[in-house]
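Taken straight from Swiss-Prot:
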| type | residues | note |
| --- | --- | --- |
| BINDING | CYS12, GLN13, ALA16, CYS18, CYS56 | [3Fe-4S] cluster binding site |
Amino acid sequence: MGYRVEADRDLCQGHAMCELEAPEYFRVPKRGQVEILDPEPPEEARGVIKHAVWACPTQALSIRETGE
């Protein structure tokens, strides 16, 4: 089963905690909002992605399971 990483742009305040936790999957430009570099990352990245989602202080990130 696959998964997709999603961001709620209304909640993101650009704290960049996700980028600190998983820089290969998230980027936050100065005074910007999160950019998800790979919205459907490999299964082996799930642990680091979950940690980055957990680290978001505004809970702007989420993981959605896909049927694939």
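Cβ coordinates come from backbone N, Cα and C, glycine included.
One way to see the shell of the [3Fe-4S] cluster site is to take the Cβ centroid of CYS12, GLN13, ALA16, CYS18, CYS56; the remaining same-chain residues with a Cβ within 8 Å of it are GLY14, HIS15, MET17, GLU19, VAL28, GLN33, VAL34, PRO57, THR58, ALA60, LEU61. In terms of local Cβ density within 10 Å, CYS18 ranks first among the binding-site residues CYS12, ALA16, CYS18. In this structure, of the binding-site residues GLN13, CYS56, the smallest number of CB atoms within 10 A of the CB marks GLN13.
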